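**Q** Questions regarding the structure given below will be posed in turn.
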């Protein structure tokens with residue numbers, strides 16, 4: 001096909017025959033063209049755990065998120081004291097149901113929400129963007145409510161549902177970033193509401209006394225929008241669900257290890273936790289009303305809640321820190337429940353002066369609140385698999401939530417009509433004091449019996 005050139009060429013014998021086509025049946029391997037090594041694809045790197053700027057940024061954002069959104073229902077005692085003065089609500093002994101629904105649903109729905117956000121880790125931020133506006137909308141809707149049932153449905157159920165959907169994905173992000181120091185991280189998170197509780201009762205009380213509950217709920221909704229809205233763009237996981245998977249609780253590990261359900265230690269913690277949850281919230285709900293019944297006024301009632309919140313911060317951070325291998329988990333649980341029970345019987349029931357109520361608020365806040373900071377380590381104590389530990393954590397939430405929701409109607413039954421400042425618990429609250437102390441004692445005794453069985 002090509003013409004030959006006229007120049008004569010001297011040809012050298014090639015040392016090896018060159019294959020004319022790639023169909024040669026006996027190709028010489030030395031004559032094949034050199035293969036270039038494949039270019040390695042970049043491996044995505046995840047931020048470090050238990051430290052570093054991303055981990056601390058997330059923990060701080062989650063702290064603020066919980067402090068504001070969870071601190072509000074924990075300050076419900078101020079609302080309860082105010083609602084009891086309204087002609088349309090004062091006759092009902094079940095006002096506390098509003099607050100217990102808001103807090104209790106967050107615990108009860110944990111076994112449903114935790115597996116859901118574990119199964120679909122890439123949708124966790126979507127859940128936050130759905131739950132957060134539901135919280136705000138529920139407060140606005142509650143501002144138009146004129147009956148107890150409407151307030152229960154909005155400020156109670158609606159707000160609790162919204163917070164539940166938004167909060168557990170945030171907690172999942174924290175689990176990704178904090179593994180070895182998870183007890184510390186949980187202690188920080190648990191103390192968040194205590195920090196806000198040092199300020200929020202005074203703000204709520206001032207707003208209620210000046211504007212009434214309708215305007216107060218709208219102002220709070222607007223404030224939460226401004227203060228927590230920007231956090232939604234900062235709160236992120238270690239990488240679109242991949243970080244969750246590396247810890248064994250993401251889409252690649254969707255099967256949960258349920259073997260912890262066969263362990264006696266898990267059920268011991270569950271019974272203890274249920275008893276604690278059944279009695280724990282009564283002081284936060286009724287202490288402001290108790291102060292008013294003893295002639296101390298609304299402002300001092302808010303002071304008592306604020307002091308309790310401050311010591312909650314110290315207690316939860318201390319118990320969370322000590323649970324990271326410093327002190328036995330069962331010892332911490334026993335100390336928490338025992339001291340809280342003694343404080344209820346010896347201080348709250350006998351308190352008729354402001355100074356004694358302060359002592360009770362400090363003791364109960366520090367030791368009673370420390371129990372919740374142990375949940376993370378309790379889950380890890382009954383399951384070495386991250387999926388099982390997180391599921392156990394969800395069940396502990398559920399147990400406390402059932403107790404929390406029951407506390408509303410139980411409190412309505414226990415509350416007396418008579419007020420006698422010379423009687424134990426000021427008569428009206430006497431049975432509530434006895435019941436709260438009994439719950440603490442049962443919770444601690446369960447841990448003690450479980451420990452003795454293992455010895």
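Keep in mind that glycine also has a Cβ here, set from the backbone N, Cα and C atoms.
Annotated compositional bias 'Polar residues' per TrEMBL: 1-10, in sequence order. Annotation comment: TrEMBL describes 35-46 as compositional bias 'Pro residues'. Residues or ranges marked as region 'Disordered' by TrEMBL: 1-46. Residues or ranges marked as transmembrane segment by TrEMBL: 58-82, 94-116, 128-151, 157-174, 186-208, 214-235, 266-287, 299-319, 331-351, 357-376, 388-412, 432-452.
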**Q** Do the transmembrane segment (266-287) and the transmembrane segment (357-376) come close, with at least three CB pairs under 8 A (pairs 6 or more apart in sequence)?
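**A** Contact confirmed: at least 3 Cβ pairs fall under 8 Å.
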**Q** The transmembrane segment (214-235) and the transmembrane segment (128-151): do they have three or more Cβ pairs under 8 Å, with pairs 6 or more apart in sequence?
**A** yes
**Q** Could you name the stretch, out of 58-82, 94-116, 357-376, 388-412, with the greatest number of CB pairs under 8 A to the transmembrane segment (186-208)?
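**A** By Cβ pairs under 8 Å, 58-82 leads among 58-82, 94-116, 357-376, 388-412.
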**Q** Below 8 Å between Cβ atoms, which of the listed ranges 58-82, 94-116, 157-174 makes the most pairs with the transmembrane segment (388-412)?
**A** 94-116
**Q** At a threshold of under 8 Å on Cβ distances, which of 58-82, 94-116, 157-174, 299-319 pairs most often with the transmembrane segment (214-235)?
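**A** Highest pair count goes to 58-82.
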**Q** Go through 58-82, 94-116, 157-174 and flag the stretch with the largest number of C-beta pairs under 8 Å relative to the transmembrane segment (299-319).
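**A** Maximum Cβ contact count belongs to 58-82.
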**Q** If we skip the immediate neighbours and take only residues 6+ beyond the ends of the transmembrane segment (157-174), which ones have a Cβ under 8 Å from one of its Cβ atoms?
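**A** The answer is 58-59, 62, 65-66, 69-70, 72-73, 101-106, 109-110, 113-114, 117-118, 121, 124-125, 127-128, 130-139, 141-142, 185-186, 189, 235-238, 244, 249.
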